[in-house]
Every structure is written in C-alpha cells, then in structure tokens.
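Asker: These came from TrEMBL, pasted as-is:
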TRANSMEM  28-51  transmembrane segment
DOMAIN    44-285  domain 'G-protein coupled receptors family 1 profile'
TRANSMEM  63-81  transmembrane segment
TRANSMEM  101-123  transmembrane segment
TRANSMEM  143-161  transmembrane segment
TRANSMEM  208-228  transmembrane segment
TRANSMEM  240-263  transmembrane segment
Amino acid sequence: MGDRGTSNHSEVTDFILVGFRVLPELHILLFLLFLLVYAMVLLGNVGMMAVIMTDPRLNTPMYFFLGNLSFVDLFCSSVIAPKALTYFWSESKSISFAGCVTQLFLFALFIVTEGFLLAAMAYDRFIAICNPLLYSVQMSIRLCSQLVAGSYFCGCISSVLQTSMTFTLSFCASRTTDHFYCDTGPLQRLSCSDLFINKMVSFSFSDIIILPAIVAIIVSYLYIVSTVPKTRSTGGCKKAFSTCSSHLGVVSVLYGAVFFMYLTPDRLPELSKVVSLCYTLALPR
C-alpha cells in the first residue's frame, strides 16, 4: 500500500472482514444459526407486509407504519446477512471497496430510516391514545405518507454524509477491519487521517438529525404514560399497553444498541459485534 503518510483510499481495492474470532470448527454452526435467523427475518417481514397489503381491515395508520417498518427491516438485514453467511461458508473474507461503500451506504440509510419510522409510530400511538376522537382527522393519509417520506429523506441525507466522510479518508497499509460488515468505526480505525473534524461533523449532524427523533419518542410516551392511568376502562388500559409495549421494546433495543456502539469507547470489539447483531439481524418486531 505504500508509505503510511502517503497512502490514499484510492489505492484500496478491498477490505478484509475479521468477523467473529471463533474456532474454525464453529463456523458451520454460526452459519446455520445466521441462516436460521435470517430466514425468520425474511419470512416474518414478508409475511407481515403480505397480510397488511391484502387485509382491508388493516388499512390504518398504525399498520401503514408497521408495513414500512417491516420493509426497512427486511432490507436492512439483507444488506448484512448475505455477506456474513458468505464469511462463515467461504474461505474468502474480503469485500471489494465498492461493495464496502454500498454496504455502508445502504445500512446507514435503512437503520436511520428505521429510527425515524419508530418516532412516527410513537407519534401515531400518542394521537391514538391521547386524542382518540381526532385520530382519523389528524393521522390522515397525507400526513402518514409525509412522515414515511421524511423518514427516508433523513435516512438518505445521513447515509450520504456518513458514507462520503468515511470513504474520503486516507487509509493506511492495513485493510483488515475488525467487524463482520463495513461500519464507520472499524473503517475509521484504518485511517491515517485526522479524525477530529470527521467525528465533530458526525456528532453535530447526529444532534441535528437523530436527536429530534429521540425527543419525539420520549415526549410521545411521556404524554401516553400520563394519559393511560386516567383511562377508566380496564380494557382501554390493556389495549394501550399492548399496542405500546412491543413498539417501546423495539425502540429500547435499537437505540440502546446504537448508543452502545457509537457513543461508548470501543474497548471490547467482540462485545460490540454481538451488540450489533441486535439491530442487524435479531431486532424483535
């Protein structure tokens, strides 16, 4: 690759994915485990979308958002899983430079979009529980479409910024990234460039783009928590709890895993890989 100070990212033709540091004998077992989980993700999300599209009774804002969430989750997992399966099955551990760029771009797009869709679903639950009489008026088809389109737009903007800032870095002699897919952190550790501006821009952009989604979720659930105890109907309380508990569980797992991955020191890379599985393959819906 040349001298450390003069190496440039254009010289890199591929990257080596270290993956999980386990005994070779366990690769087949992990392959089968990944394949099983990925098959469940495919069947679950495709089945969910098929039911929502074919059942007229599910033509509601909540299921409209859920269908889009299933679509995003399906493709988010599909960006990561095939290459991970290839890693366990094949002796080749490399991914091309173009493949790495594509994987990071698509993964960032879908994972950020998913976060915003969860915020839109929190707002939907807030209106349904706190203002049920105005629900059909406030959660119109137009507003739901705008919220979904806005989620994809924010995901695209975030993805473009994150990918461009990562792959305009100068990479050093090593091309071995300690992960099972192309992610920002492991790739930055291969860089010879000064990462201060890169990290400051990413952090500032996260505050501008991601923070509003988190605030929207927190505020929505604060209103929901304050409203549910005032509901006189026991059935109403149970319905509110059932519709919010699964969504809140997904929010907790997704944002908890993301915060751990990107806002804590990376001293335990193997633990980080396990945590990343929570939002790439094993995130419950």
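Using the three backbone atoms N, Cα and C, a Cβ is placed for every residue, glycine included.
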Asker: Roughly where does the domain 'G-protein coupled receptors family 1 profile' (44-285) sit in mean pLDDT, to the nearest integer?
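Answerer: Per the prediction, mean pLDDT sits at 84 for the domain 'G-protein coupled receptors family 1 profile' (44-285).
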Asker: Near the transmembrane segment (208-228), which residues from the same chain, at least 6 beyond its ends, have a CB less than 8 A from one of its CBs?
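Answerer: 112, 115-116, 118-119, 122-123, 125-126, 129-130, 154, 157-158, 237, 240-241, 244, 248, 251, 255.
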Asker: So what's near the transmembrane segment (63-81) in sequence-distant terms, Cβ-Cβ under 8 Å and 6+ beyond its ends?
Answerer: 34, 38, 41-42, 44-46, 48-49, 52-53, 103, 106-107, 110-111, 113-114, 117-118, 120-121, 124, 144, 147-148, 151, 180-181, 280-281, 283, 285
